[in-house]
Amino acid sequence: MSRRDDRSDNLICSFCGKSQEEVKKLIAGPTVYICDECIELCNDIIAEESKLEEATGPDVKKLPKPLEIKDVLDEYVIGQKQAKKVLAVAVYNHYKRIEAMTKPGEVEMQKSNILLLGPTGSGKTLLAQTLARILKVPFAMADATNLTEAGYVGEDVENIILNLLQAADYDVERAQKGIIYIDEIDKIARKSDSPSITRDVSGEGVQQALLKIIEGTVASVPPKGGRKHPQQEFLKVDTTNILFICGGAFAGLENIIQQRIGVKTLGFGADVKKKIEKKAGELLIGVTPEDLLKFGFIPEFVGRLPVLASLTELDEEAMVQILKEPKNALVKQYQKLFDMEHVKLKFTDGSLVAIAREALKRKTGARGLRSILENAMLDIMYEIPSQTMVKEVVISEDVIYNKEKPIIVYESVAESA
């Protein structure tokens, strides 16, 4: 293909034939030239094909296997090995089920929505977000404490679907294969395990309202959010293939499990029940649907969340790993910020342990790590951009425990010359 215009000896684009004078940029290859306009057109075509691929949901042939899904989860979430395996298998089977439903005569497979149980800051939300990122599907989050049943002041359950629709850029097809994470689901348990005879606006009533969209229905979603009104146009979204992941700390559930697994003993003067002392996280691993019923969930709601995954409380070692090992680890993020100022940032091992211990003391789990770091780093991040000749900043445990200033290493005159 010609690279020059024979008449004017001008360089031309090998694809559209425009000369270098007609375009902003002409990029040379081994035997051809391509202009900026053709590059932009190619990018548009690739973007459109990518959107089309996402609209149909993950291709089962290209769907990561459970082992591969867990490997990627390991890059972002520390620990929780069993929960990751449960999630990887459940998500893989969910999208295989969608593929099977498109084939006539196939066995009808029930949807496997997921219930995550674990203390605050153990990684429930991060696991759900990472799953959506791996599968390249729209993702939305909702807080169960804000939900009310229809007719009461609060957020309608349909607004959860609206959030997913917004994440999918109002592409209904894409939204219908997305993932919704509902946090604080334990807060909508009714106050006792006996049926309610009065209105429970934020408890059993919300469970009933969530039932339909979780099991699969065509929801009428107001495109602008808020309350429905007769003059408003509705978007129809089928929730049959939306994967729902619900999460909560379930404080007090361990007591119900403890009572169930208590060992009865016989004999004069013996205890009626001998309690087996275990950590709450260890007890949650053995949770059963019956325990959830006693906690305050209605049978139909428990039945719609057949996959149970328990997360354990993070210890000091896990907290330190979270600070430095994941792809998006906080230490790496701060080091990148300092790198942009051409300054090396170093955390001593003692400082990482101090941060972890402070987070454990606050009982906020991994989510408390950032606020501790922000407080410790505020002054130095304020000063460094205005300083010259700074080579390295060292964060020691004294910075965390005693609010001392970080160690600043300056360049020598010889180095700066």
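Using N, Cα and C of the backbone, Cβ positions are placed for all residues, glycine too.
Residues or ranges marked as domain 'ClpX-type ZB' by Swiss-Prot on the basis of sequence analysis: 1-54. Among the features that Swiss-Prot reports, Zn(2+) binding site is placed at C13, C16, C35, C38, with the record citing sequence analysis. Residues or ranges marked as ATP binding site in Swiss-Prot (evidence: sequence analysis): P119, T120, G121, S122, G123, K124, T125, L126.
Taken residue by residue with DSSP, L126 (ATP binding site) is part of a helix. With all protein chains in the displayed structure included, the most crowded Cβ environment within 10 Å among the binding-site residues C16, C38 is that of C38.
Highlighted in sequence order, S14, F15, G17, K18, V23, L26, Y33, I34, D36, E37, I39 have their Cβ within 8 Å of the centre of the Cβ atoms of C13, C16, C35, C38, the residues recorded for Zn(2+), and are not part of that set. Checking each of the binding-site residues P119, T120, K124, T125 against C38 (Zn(2+) binding site) by C-alpha distance, the shortest gap belongs to T125. Cα-Cα distance from P119 (ATP binding site) to C35 (Zn(2+) binding site): 55 Å (rounded to the nearest whole number). Using a 10 Å Cβ-Cβ cutoff, S122 (ATP binding site) registers 27 neighbours. Cα to Cα, C35 (Zn(2+) binding site) and T125 (ATP binding site) are separated by 45 Å. The average pLDDT computed for the domain 'ClpX-type ZB' (1-54) is 77.
Distance between Cα atoms for G123 (ATP binding site) and C16 (Zn(2+) binding site): 51 Å, as a whole number. Sequence-distant contacts (6 or more apart, same chain, Cβ under 8 Å) of T125 (ATP binding site) comprise M141, Y181, D183, G247.
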